[in-house]
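Some features that Swiss-Prot has for this protein:
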- E40, G45, S441: Na(+) binding site (BINDING)
- H61, H378: Fe(II)-heme a binding site (BINDING)
- H240, H290, H291: Cu cation binding site (BINDING)
- Y244: O2 binding site (BINDING)
- H368, D369: Mg(2+) binding site (BINDING)
- H376: heme a3 binding site (BINDING)
- 1-11: topological domain 'Mitochondrial matrix' (TOPO_DOM)
- 41-50: topological domain 'Mitochondrial intermembrane' (TOPO_DOM)
- 87-94: topological domain 'Mitochondrial matrix' (TOPO_DOM)
- 118-140: topological domain 'Mitochondrial intermembrane' (TOPO_DOM)
- 171-182: topological domain 'Mitochondrial matrix' (TOPO_DOM)
- 213-227: topological domain 'Mitochondrial intermembrane' (TOPO_DOM)
- 262-269: topological domain 'Mitochondrial matrix' (TOPO_DOM)
- 287-298: topological domain 'Mitochondrial intermembrane' (TOPO_DOM)
- 328-335: topological domain 'Mitochondrial matrix' (TOPO_DOM)
- 358-370: topological domain 'Mitochondrial intermembrane' (TOPO_DOM)
- 434-446: topological domain 'Mitochondrial intermembrane' (TOPO_DOM)
- 479-516: topological domain 'Mitochondrial matrix' (TOPO_DOM)
- 12-40: transmembrane segment (TRANSMEM)
- 51-86: transmembrane segment (TRANSMEM)
- 95-117: transmembrane segment (TRANSMEM)
- 141-170: transmembrane segment (TRANSMEM)
- 183-212: transmembrane segment (TRANSMEM)
- 228-261: transmembrane segment (TRANSMEM)
- 270-286: transmembrane segment (TRANSMEM)
- 299-327: transmembrane segment (TRANSMEM)
- 336-357: transmembrane segment (TRANSMEM)
- 371-400: transmembrane segment (TRANSMEM)
- 407-433: transmembrane segment (TRANSMEM)
- 447-478: transmembrane segment (TRANSMEM)
Amino acid sequence: MFINRWLFSTNHKDIGTLYMIFGAWAGMVGTGLSILIRAELGQPGSLLGDDQIYNVVVTAHAFVMIFFMVMPIMIGGFGNWLVPLMIGAPDMAFPRMNNMSFWLLPPSFLLLLASSTVEAGAGTGWTVYPPLAGNLAHAGASVDLTIFSLHLAGVSSILGAINFITTIINMKPPAITQYQTPLFVWSVLITAVLLLLSLPVLAAGITMLLTDRNLNTTFFDPAGGGDPILYQHLFWFFGHPEVYILILPGFGMISHIVTYYSGKKEPFGYMGMVWAMMSIGFLGFIVWAHHMFTVGMDVDTRAYFTSATMIIAIPTGVKVFSWLATLHGGNIKWSPAMLWALGFIFLFTIGGLTGIVLSNSSLDIVLHDTYYVVAHFHYVLSMGAVFAIMGGFVHWFPLFTGYTLNDTWAKIHFTIMFVGVNMTFFPQHFLGLAGMPRRYSDYPDAYXTWNTISSMGSFISLTAVILMVFMIWEALASKRVVKSVQLTSTNLEWIHGCPPPFHTFEEPVFIKSSQT
């Protein structure tokens, strides 16, 4: 039955497919919002109305891309599909909870979209800082709906995290240790731990904001002895681990892709890669206040957060150089997935370098809330997370569907996307250094040139997104079946054929230790 299979699904592959489709759909919505932003900023003067509308679009763009595109695709889609296959488990540990995790997302998305349509919408930015998010500056239900949306998305992620942690720790074959699982499995495990530890703090913060708005509490209101800075601490204690949650599964996928298309049987420095991810996960929790260098912290506090933030560059560097070492001496196959992976390494490194610039508290005081910050995090998200998703998608597409994408189209798609995102975000570094502030719908004429170029780049990216839809249609319509897959001895997910049967690993796997 259709309903039994897709509505009441307990199969990790089907739920993974649902996550993928939902994430792709949300990605279209988020892309549409980003095109609205770049259309508004394409030239000086007003296009879409006042700044409230503009900020509602910016806020929705951020929430949609983070909570309904990147996280569902990376953790829900790739995680559900690949983790059980990679560790030889018959399914996830809690299959029905897995289904609930997915079905909490569409209502959450609905609440977020509803928040934009009631009153004047939630024009708070994705950070939802009070007093702007309080009931005076944002009277009406908009921010409340956004908070409920975040609650649902948060519950979904927490349940998913519990599920992945249990699955990865308990459902491996007894003969293998955690240090014999693939890097993608490790990345999902670490991501799940980060989610489990950070989301409750966000839930606390936004619940306090909810009571401030509706029940007359004063957690964040100085008039009653509260402090708006407390909200910033609570939010960023979640918000900083969150950005690592968005990129860590990507690290795992890139490790697999680089290894596979270099013709290697294992990545360079496996243990170093694992420890680097664990270090990044740990350090991600003790650097949150680098988002708050401008709120007037003590100089010694700023010194600590500056140095702690810079330390994260070390494990990140370990990962980048290990990827390069994996490429070294390999029989490199220039497949589309490999192009995405190489693009990821290059552009993520650039994003990391601007991150090091911003970690200096003294420099950040000048650059905070300018387009330099926007350029920085879009290099790591729009060219890190998205390139990893695209690389993983074209690499595992034959596994998910049993069909192959057209190689030439896939390479053309990569090229258009590469040009588009760089043309969009590279000029924003110049705008930021010239002092153009974020979250404004209009700007002085002096900034016109780079903004126009940036907006042109965004339309090139839009072309790439449309081409991707065509590519998927073309692949599903042409039905070129997969003949054989290489390197299956170290890529366990492929051993059941493409696509794998509905139930895999129905009996425990026999592990033979090889002394090679």
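Cβ coordinates come from backbone N, Cα and C, glycine included.
As the structure is a computational prediction, the values presented were derived from the model and not from experiment.
Residue pair H290 (Cu cation binding site) / S441 (Na(+) binding site) shows a Cα separation of 26 Å. Taking Cβ-Cβ distances under 8 Å and a sequence gap of 6 or more within the same chain, the neighbours of H378 (Fe(II)-heme a binding site) are G351, V421, T424, F425, Q428. Against the transmembrane segment (95-117), stretch 51-86 has more CB pairs under 8 A than any other of 12-40, 51-86, 299-327, 336-357, 447-478. Taking CA atoms as the reference points, H368 (Mg(2+) binding site) and H376 (heme a3 binding site) are 11 Å apart. Counted over residue pairs separated by six or more positions, the transmembrane segment (228-261) shares at least 3 Cβ pairs under 8 angstroms with the transmembrane segment (51-86), which defines the two as touching. Here the topological domain 'Mitochondrial matrix' (1-11) returns a mean pLDDT of 96 for the predicted model. Taking the C-alpha atom of G45 (Na(+) binding site) as reference, the shortest distance to any of the binding-site residues H240, Y244, H291, D369 belongs to D369.
Nonlocal intrachain contacts for the transmembrane segment (336-357), taken as residues 6+ away from its ends with a CB within less than 8 angstroms of a stretch CB, comprise 247, 250, 254, 257-258, 260-261, 309-310, 313, 316, 320, 323-324, 363, 367, 372, 375-380, 383-384, 387-388, 390-392, 394-395, 405, 407, 410-411, 413-414, 418, 421-422, 429. Highlighted in sequence order, W236, G239, V287, W288, A289, M292, F305, T309 have their Cβ within 8 Å of the centre of the Cβ atoms of H240, H290, H291, the residues recorded for Cu cation, and are not part of that set.
In this structure the C-alpha atoms belonging to S441 (Na(+) binding site) and H61 (Fe(II)-heme a binding site) are separated by 15 Å. DSSP classifies the residue listed as 'O2 binding site' as helix under the three-state reduction. Put simply, H61 is the one of the binding-site residues H61, Y244, H291, D369 whose Cα lies nearest to the Cα of E40 (Na(+) binding site). Only pairs six or more apart in sequence are counted, and the transmembrane segment (371-400) with the transmembrane segment (270-286) gives fewer than three Cβ pairs under 8 Å, not enough to call it a contact. Long-range contacts of the topological domain 'Mitochondrial intermembrane' (41-50) within the same chain, counting only residues at least 6 positions beyond its ends with a Cβ under 8 Å from a Cβ of the stretch, are 57, 441-445, 447-448, 451-452, 454-456. Of the two recorded stretches, the transmembrane segment (447-478) does not lie close to the transmembrane segment (141-170), with fewer than three CB pairs under 8 Å once pairs fewer than 6 apart in sequence are set aside.
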